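*Asks:* Before I ask anything, let me first share the structure, which is written out below as structure tokens.
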């Protein structure tokens, strides 16, 4: 019997909890030879575990397509309802609650990110991905069947729970199904999918809304999701991925060891803060007891979470102490948070400029963001390819944040009479910065942790990204409301005018002198948002200073990946 078969037999005994005394191998195994400090036992046992795979390009393309479909769905549903809100509010006669159709999705999507990073490594990436799709599709069907605004909001929350897994687990799986060197390239492709989904969402949602078929914005997910499930179930097998789980304990024992207490601090804490941000300043005043209580409870829960992870939890923490005390990891999380706050402010409020100044519809104003998205998608794809070739990623963090600061600052100079071509250029500069940064932050976060922490680093990074986006939208909305109220206080009182984000289209119906005055103040209010975006991007730039460079791959990593993918060894032969 060959040494490789002896080894796999030993491993099988360990997994099945049998005694090695029953396996007469130790006396028969020939001495093994080592070519480097990386044991050949490690490589050979991996080959056995992966059944010496030779994954075809066609099969890999199918699996990657199945992953992108789920990723695309989750990203699409962040924006698909934006242009359908008018028809939805009219059908349910519930204008006051319309904001929660989008917010409920974002709330659960952010709050459940950390959970997926933990359970993906315990249960298995493929299974957790399929569970996330099923949850997302159940939420989608319930959204389409909704008979009231309350049911729609709750169904969107269910969608968000599934969407959290579709975003995070896909990023985790990509680190396993491609070589270490190619991770950045494929994450860049995911960035293209994210950008495409974000700009396509309002267009698709608007088209369904115009045809009075807004429910099909959700029903169409069933076809996309079912296709993804079939592809993943049939073609995504164990020989294509590595599980970074370190324990050989039974599944039930591992599930019992999960730090559920910390999860119950982190997830509700984050959701409390997000609810406070969504309700404060619009539905309730910032000084209302409910908003203050939500902020207090959420902040206390997050502080207790950090303290428990550092000083109390010793085994299987939600966020290991080594991550909390790592300069680079913390800097990446801060940069993802503030960078996301910056670009979400632009995405959500630049269309308002065109609605206010030119009277564009929601769909038309969404098209005005094309320079931003085309630039971001191109930059993300190119930077991913270059990182793959060179292994250097900090240059894209630096340059990306700089472009984002400059682009947002230039947008802050906008006036009612600004040249639209100039604004497109400013948006393209901002998009260039976002494209260079977004996936590069994922690369930097993964490079700073050992393999066993890859899933946690990825899920927590997405948690901070989505949380930052929600905070950015909330702060931007507050700035807009406050500056509109201050700038038009006398006019609004004199004309009994009530201007808000919900009735912005009424501006085009005002008499010309009043319309020009309102447009001027509104654009100045938007300029404050763009300046906030520039400041947030500047904070991300400061955080980048503290991000250290780590080698993305070693010769041992490449050799392991070559063996796993069935490629010839690149190491010199010892024969």
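Just so it is clear, glycine is given a Cβ too, placed from its N, Cα and C backbone atoms.
The domain 'Major facilitator superfamily (MFS) profile' annotation in TrEMBL covers 63-551. Annotation comment: TrEMBL describes 60-86, 98-120, 160-179, 186-204, 216-236, 257-277, 283-307, 328-349, 369-388, 395-412, 463-484, 529-547 (among others) as transmembrane segment.
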*Asks:* Taking residues 6+ outside the transmembrane segment (160-179), which of them lie with a CB under 8 Å of any CB in it?
*Replies:* 60, 63-64, 67-68, 70-71, 73-75, 77-78, 104-113, 115-117, 120, 125-126, 128-129, 131-139, 185-187, 190, 240-244, 442, 446, 454-455, 458-459, 462, 553, 558, 561-562, 565
*Asks:* The transmembrane segment (328-349): which same-chain residues, six or more beyond its ends, come within Cβ distance under 8 Å?
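*Replies:* Contacts with the transmembrane segment (328-349): 198, 369, 372, 397, 401, 404, 408, 411, 427, 430, 434, 437-438, 441, 444-445, 448-449, 457, 460-461, 464-473, 475-476, 480, 526, 529-530, 532-534, 536-537, 539-540, 543-548, 550.
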*Asks:* Tally Cβ pairs under 8 Å between the transmembrane segment (463-484) and each listed stretch (60-86, 98-120, 369-388, 529-547), then give the stretch with the top tally.
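*Replies:* It is 98-120, which has the most Cβ pairs under 8 Å.
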*Asks:* Under 8 Å, at least three CB pairs between the transmembrane segment (98-120) and the transmembrane segment (257-277) (pairs 6 or more apart)?
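*Replies:* Between the transmembrane segment (257-277) and the transmembrane segment (98-120), which are separate recorded stretches, there is contact, as judged by 3 or more close Cβ pairs.
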*Asks:* So which residues does the transmembrane segment (186-204) touch in its own chain, when a touch means Cβ under 8 Å and the partner is 6 or more beyond its ends?
*Replies:* 64, 68, 71-73, 75-80, 82-83, 170-171, 174, 178, 217, 347, 362-363, 366-367, 369-370, 373, 376-377, 380-385, 387, 435, 438-439, 442-443
*Asks:* Please identify the stretch among 216-236, 257-277, 369-388 with the greatest number of Cβ pairs below 8 Å relative to the transmembrane segment (60-86).
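*Replies:* So the stretch in question is 216-236.
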*Asks:* Kindly state the mean pLDDT of the domain 'Major facilitator superfamily (MFS) profile' (63-551) in the predicted structure.
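*Replies:* For the domain 'Major facilitator superfamily (MFS) profile' (63-551), the model's average pLDDT rounds to 86.
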